[in-house]
Amino acid sequence: MSDRSLLVVVLAAGEGTRMASRLPKVLHKVAGRTMLHHVLAATRAAGATRTAVVVGPGREDVAAEVRKIVPDAEVFEQTERLGTAHAVLAARAALENGADDVLVLYADTPLVRPETLGLLRAPLKAGAAVAALGFEPADPTGYGRLVTAGDELVAIREEKDASAAEKAIRFCNAGLMALAGAHALSILERIGNANAKGEYYLTDAVEIARADGLSAVAARADADEVAGVNSRVQLAEAEAILQRRLRLAAMAGGATLVAPETVFLSADTVLGRDVIVEPHVVFGPGVSVGDDVVIHSFCHLEGARLESGVTIGPYARLRPGTQLDSGVRIGNFVETKAAHIESGAKVNHLSYVGDAHVGADANLGAGTITCNYDGFGKYRTEIGAGAFIGVNSALVAPVTVGKGAFVGTGAVITSDVPEDALAIARSRQVVKEGWAKAFRAARSKPKG
């Protein structure tokens, strides 16, 4: 529907008291992204031309998240919580600027797909003034009911105001609504609060539109997709649903997840073809994995880019700023951070590589540590192509080990090592023949 302008109004003013958290509800994360981020990303993918977000009083943290995701979004404050229609009207200035379609949704509904938003919006192009999204939950208790007559939506009745016959309806209100821009403001302004809670319900838009002789319809979505998150339990349930989606998409794209239920992905994780992910691997935000990569068990990746043919793990941790070029091997109990490791290099055991550049085909022996922090600042380590770092070596940054250089085992390197040189930085071994025998004899003499 690129020929029609779309104003999206996202309601993000809820207190979220059931979350029992100091963090605003909509800033809690699902698959590495805030719920608000998920919703805004879906609306962008659905063709939003303008975005308005309604936040609670003083919620600059929520406003900052909005602007980070959609820099040109308009942010409005709902000073009093008097119902959903009242919240939408907090964005009056955006509504007055006009749009062909207006889409209202909630920032605590992170699982809705762009395709479903398109389905909800479609009736407006066909002439409807209002379209509501419905679903059939396993238990409808607590939900508003969609009262229909044929293809028409007659009313949305909140459960507290529903008759016995209406409570028997299983088709429930998901909360998302689309309104024709030409009628949106007029309808919203006439919504009253004559109901059990004394609030201004957005759902009353249906009956007002029909009273004007306009059409209202209902679209249908899966229950999992429109699940709202109001508690930690529901947050975990949303995580499980989204993780399953992400795992299925990864496998459909050509990645092998040996035990999918033990692999946790972020919403932006990219896995190439013929990637093999063994059990118990966590992908934090910002991870891109090329083709033919093998990730062994118990690895944690975040903010890392892996080119084709890389092997990592088991028990590897890749932190933000890690770049592994093709064919790199990262072994067990290795941690990297802000490190670029070029093609064919190996860091196979028990090492920390931070704020570093490692050249192609270099080999870092077991226990190699880049000492990058002096308590005040971070410093870089440069390791040239083909360099060989002996086991249990400490490279005290800032320092450079040249191409093809060797560093002897157990070294503490504090000065640059030239290309093709050998650096030895440890005390010479001293052997005292018979010393141990004499020591034991002295210790075993009776005390007198």
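Glycine is treated like the rest: Cβ placed from N, Cα and C.
Remember, it's a predicted structure, so these values are computed and weren't measured experimentally.
The following features are taken from Swiss-Prot:
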- 1-232: region 'Pyrophosphorylase' (REGION)
- 11-14, LYS25, GLN78, 83-84, GLY144, GLU158, ASN173, ASN230, ARG319, LYS337, TYR352, ASN363: UDP-N-acetyl-alpha-D-glucosamine binding site (BINDING)
- ASP108, ASN230: Mg(2+) binding site (BINDING)
- 233-253: region 'Linker' (REGION)
- 254-448: region 'N-acetyltransferase' (REGION)
- HIS349: active site, proton acceptor (ACT_SITE)
- ALA366, ASN372, TYR373, THR409, ARG426: acetyl-CoA binding site (BINDING)
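Pairwise Cα distances among ALA366, ASN372, TYR373, THR409, ARG426, which the record gives as the binders of acetyl-CoA, peak at 22 Å. For the region 'Linker' (233-253), the list of distant contacts is 19, 28, 30-31, 35, 110-111, 224, 227, 260-261, 263-265, 267, 269, 271, 273: same-chain residues at least six beyond its ends, Cβ to Cβ under 8 Å. Candidate binding-site residues: LYS25, GLY144, ASN173, TYR373, ARG426. Nearest to ASN230 (Mg(2+) binding site) by Cα distance: LYS25. Counting every protein chain shown, 24 other Cβ atoms lie within 10 Å of the Cβ of GLY144 (UDP-N-acetyl-alpha-D-glucosamine binding site). Counting only the Cα atoms, the space from ASN173 (UDP-N-acetyl-alpha-D-glucosamine binding site) to ASP108 (Mg(2+) binding site) is about 15 angstrom.
The two recorded residues ALA13 (UDP-N-acetyl-alpha-D-glucosamine binding site) and THR409 (acetyl-CoA binding site) have their Cα atoms spaced 60 Å from each other. Each of the binding-site residues LYS25, ARG319 was scored by the other Cβ atoms within 10 Å of its Cβ; the lowest score goes to ARG319. DSSP gives TYR352 (UDP-N-acetyl-alpha-D-glucosamine binding site) a strand state.
Among the binding-site residues listed here, namely ASP108, ASN372, ARG426, ASP108 has its C-alpha nearest to that of GLY83 (UDP-N-acetyl-alpha-D-glucosamine binding site). Neighbours of ASN230 (Mg(2+) binding site), defined as other CB atoms within 10 A of its CB across all chains, total 15.
When other Cβ atoms within 10 Å of the Cβ of THR409 (acetyl-CoA binding site) are tallied across all protein chains shown, the result is 14. Counting only residues at least six positions away in the same chain, the Cβ atoms of VAL334, GLU335, THR336, THR368, ILE369, THR370 sit under 8 Å from the Cβ of TYR352 (UDP-N-acetyl-alpha-D-glucosamine binding site).
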